[in-house]
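Trainee: Taken from TrEMBL, the feature domain 'AAA+ ATPase' applies to 50-278. Annotation comment: TrEMBL describes T62, G63, K64, S65, L66, Y219, R231 as ATP binding site.
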Amino acid sequence: MIEQAGEESVFRNRNLVEPDTIIDRDRIVGRDDQLRTVVSNLRKVLNENRPPNLLLYGPAGTGKSLIFDAVARQIRDISKNRGYEFGTLRINCQNLRSLDEAVYALVREAAHDLNEEIGVARHGVSTSTKYDRLYDLLDEGYDSVVFVLDEIDLLLGRRSSSSEPAYSDLIYQLSRASIESIDIQVSVAALTNDPEFMNNLDARAESSFNPRDIPFSDYDANQLQEILRNREDAFIQDALSEDVIPLTSAFAAQSHGDARKAIDLLRKAGDVANENGDLTVTENHVREAQEDVETDRSLKLVEGLTTQKKISLYATAAVAEFGKSGSTTASSRVAFPVYQFLTDVLDADGRTRETFNNYVREVGTYGQLDHERKSLGGKQGGGMYLMYEFKRDPGEIKKRLEQDERIADLSHHEDGLKRVIQAQKRNFAEN
Ligand SMILES: Nc1ncnc2c1ncn2[C@@H]1O[C@H](COP(=O)(O)OP(=O)(O)OP(=O)(O)O)[C@@H](O)[C@H]1O
């Protein structure tokens, strides 16, 4: 099996359909206007002038990083040959919680690029000491630097209601660095999905940043097709059947024309073909890959539920999973006492039967399960109950819920859980 997988693959160069692979300039499809604008601004570096600040904005996966990085790499190579040190220092602001963290991340980038010590402690020193270290490193190592601030709108910092977001401060300081703090040429390129970003900057930051705007729009299905066709050589010859690229592009165009999603989906379709031992990627492989993507997206929603809703869903999924083999259904009459057992195990509050059912039904609206109202007939004094039917493997949902450390404990009680479920099922069937 392993040997087979090693020998036969639809891929010749799978890297080409990995979204983070750096691609050559000749693989870039379209985006001529944006390329021209970035080139005309960054080429000022070649005359040893400071390039203007730039704001690249548009939805995710529309080529902002690709275009900027491709041009910056070329400028860097030409400059280096001429003995002029041009560099870009990139940080992604998504996971940075404060201005201080952002400045430290820039110090770390510069030190890494220049092969120097970071030279400043992460904690326990002021942000201005970090700025000083940053400027020292830059003065020593470069003639010109562009700070690339990806997802800049997410650098909010720990704000009181009256204070400005951290990105305003960072942009203000960095775009003034050339004037006040440093001898080399410095400018800022900010990347964001938010077209209104400039409206959120305070007046001070706005006036010192004053960028050239470079907008990026969604790709349509035809543009996505072209992008994918330009990477067809990731696959062995004739591995892609005719309808694969059009279908992949059509799916990705539905999710905001994101090229990253299109490339991901094409790679996943190839993986599905490999898993099935097929040497041709077909429409069915694309559909299967797309289903996996959707499953994963809706499972992610499960991670955001409150603990009570997670316990309710866990109980219901366990009843379905530990029922008859391959079963996807769970009766509320069985699932509710199982939920009570789980709240006892976790020492959590117990909710009423009605609230429990409301929680599980609510999860249904995220696409995990359906419910049907059923009558007990003459059983248990009559009355109604709900029959839940999972649309996908309930075991997978349970595993996803166990990623929450409060729920993870339940996986150590599987034997007890199975016993309770069996007892409740017997009880339900006998009455
Ligand atoms: N015009 C294009 N030609 C070829 N490949 C492209 C093109 N546009 C985007 N891609 C590919 O799509 C992926 C995402 O592009 P990129 O990282 O530039 O998106 P972005 O606009 O910076 O998105 P985000 O806001 O999510 O960071 C990359 O793998 C890139 O190579």
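Cβ atoms are placed via backbone N, Cα and C, with glycine included.
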Trainee: Anything from the binding-site residues G63, K64, Y219, R231 with its Cβ under 6 A from ligand 1? List those in sequence order.
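Mentor: Result: G63, K64.
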Trainee: Please determine which of the binding-site residues listed here (K64, R231) has the lowest count of neighbouring CB atoms within 10 Å.
Mentor: R231
Trainee: Once the DSSP letters are reduced so that anything not helix or strand counts as coil, what is T62 (ATP binding site)?
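Mentor: Coil, per DSSP.
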Trainee: Largest pairwise Cα distance, Å, within the listed ATP binders T62, G63, K64, S65, L66, Y219, R231?
Mentor: 19
Trainee: In sequence order, which same-chain residues at least six apart have a C-beta under 8 angstroms from Y219 (ATP binding site)?
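Mentor: When sequence neighbours closer than 6 are ignored, Y219 (ATP binding site) has T62, I227, A253, G257, D258, A259, A262 within Cβ distance under 8 Å.
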Trainee: Note down the number of other Cβ atoms within 10 Å of the Cβ of S65 (ATP binding site), including every protein chain shown.
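Mentor: For S65 (ATP binding site), the 10 Å Cβ neighbour count is 17.
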Trainee: Provide the number of Cβ atoms within 10 Å of the Cβ of L66 (ATP binding site), excluding the reference atom itself.
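Mentor: By my count, 22.
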Trainee: When a 10 Å sphere is centred on the Cβ of G63 (ATP binding site), how many other Cβ atoms does it contain?
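Mentor: Taking every protein chain into account, the count is 22.
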